[in-house]
Amino acid sequence: MNQDTYQFQLIQDELIQQLQSFSIAHGQYPDKNLNVVINAIPLLPLLKGQNIAIEQDPNLLPRIYWQNKEQNKTLASFGAIEKLDHIPKATNDEFYLGGLAFQQQGEQWQDFPATLFIRPLIVFQVLQQTSQQEYKVIFHFNGRNSVQASINTLKSLNIPHPLAPFTPQLLTRQDTPNKDQWADLVELAIEYKALLPKVVLSRQTEVCFDAPIDTWDMMALWQQANPNSFHYLLQFSSQRSFMSCSPERLFLRQQQQITTEALAGTINRGRDQREDELLLQSLLNHKKIDRENHIVQEFIVANLKQLKAQVTCSPAHVMQLQNVQHLCVPIKAQLTKDTQDSHLLHKLHPTPAVGGIPKLPALQFINDNEPYNRGWYAGAVGCISEHESDFSVAIRSALVSENCIKLFAGAGIVTGSIAEQEWQELDNKIQTILTILYRLY
Ligand SMILES: C=C(O[C@H]1C=CC=C(C(=O)O)[C@@H]1O)C(=O)O
Ligand SMILES: [Mg+2]
């Protein structure tokens, strides 16, 4: 037995003992969680380690990885004790992970319905993000799931599996819409500009390879190339996974305090520092980009005010990512006591950073004219607990199944948009992940 296997089995044994003592104190069906502090365990390798185990024990599904933008919350979860088709309100030690599709109408993606939240069975979470040395394991109980079932699932966990470079060879690429269809779509949106001052149009780029894709390896590489973003991966069945490295926050709620942002307006990165600085300045002083962003800011502020929140905006700044930079206006709000996450999600999602304005006609335009189904791309993905909830806008995202990956990118169309430039913007937005998939690094 090698050292890693030995270490992992020690952790497993310790956790089983703790679960057994917990059931002596609280019965076979506890109604509160068990928290255990353990030594560091690498989360993506732990998730990857279950690739084979899920075939034998489907209770290990869903597998979810979640890291917030500040990287002070990182977790891996296995299994579910509840699956909900509505937005939950958490009390006590309840915790939910999940999300909403881009919009409720239209055909749904398999495994990714209009709304899906789960309360996980087992969560491994980094405890002290600064040192990365201590982790905690949370076993969730709701009075209906047994300690024995948690022990069984824990026993079926395999040891963490080392991450590997991305090796599959690219076979095909297909853009939907293609470049000509895109030009027609943008032209149509511009014809409608009196009715639709802004609509975000998007594209699906499917790339297929000669071998199956390991999503955990892919997440590790994408995450590395794209820090300062959310990183998440949700797998509800062994057939497909949805993943994202999104720079955009829908909202963070801490008690009744909200942190959000208007993130829209894009320019590429410069080849050197001087060009980068010039591009950054032009992002801050560009009429069309300001229009794109301002519509989002106005929408968020107006909708928070409808919930009777007190809202303040900070001056715009530039968010720099590996291949693009965005205009960002930070927004804070104080909510009334009775505002719930479901109210926030219904009011804010989808913002005109991914939908448009006015909201419903823009969504209708997208539904009627985009030649593919967005599903969870541009949806809202996050976690809910009593005192804190955090949601990301699921852009810079991908749907992975077997040998193929669907990548998504959108661009806000306003007066002054030019189809050719917006097509280039789509390419820039998927450049980070394409560089990894095409092995150009
Ligand atoms: C819709 C996307 O980006 C949004 C967020 C930032 C900048 C955007 C833009 O400049 O068009 C988009 O509104 C996407 O990446 O798929
Ligand atoms: Mg744009």
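Counting begins at 1 with the first residue displayed.
Cβ from N, Cα, C; glycine included.
Feature annotation from TrEMBL assigns active site, proton acceptor to K198. For K198 (active site, proton acceptor), the same-chain residues lying six or more positions away in sequence with a CB closer than 8 A to its CB are R291, E292, I295, P352, G356, I357, A362, G412, I413, V414.
According to TrEMBL, the feature active site, proton donor maps to E248. Other Cβ atoms within 10 Å of the Cβ of E248 (active site, proton donor), summed over all protein chains shown, number 26. Look at E248 (active site, proton donor): DSSP puts it in coil.
When secondary structure is read from DSSP and collapsed to three states, E292 (Mg(2+) binding site) falls in the helix class. Feature annotation from TrEMBL assigns Mg(2+) binding site to E292, E425.
Mean pLDDT across the domain 'Chorismate-utilising enzyme C-terminal' (179-429) comes to 97 in this model. Summarising the annotation, TrEMBL assigns domain 'Chorismate-utilising enzyme C-terminal' to 179-429.
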Handout entry: Lowest local Cβ density among E292, E425, which the record lists as binding-site residues, within 10 Å
Key = E425
Handout entry: Distance, E248 (active site, proton donor) to E425 (Mg(2+) binding site) (CA atoms, angstrom)
Key = 17
Fill in the blank from the handout: Reading the DSSP string in three states, the entry for K198 (active site, proton acceptor) is strand
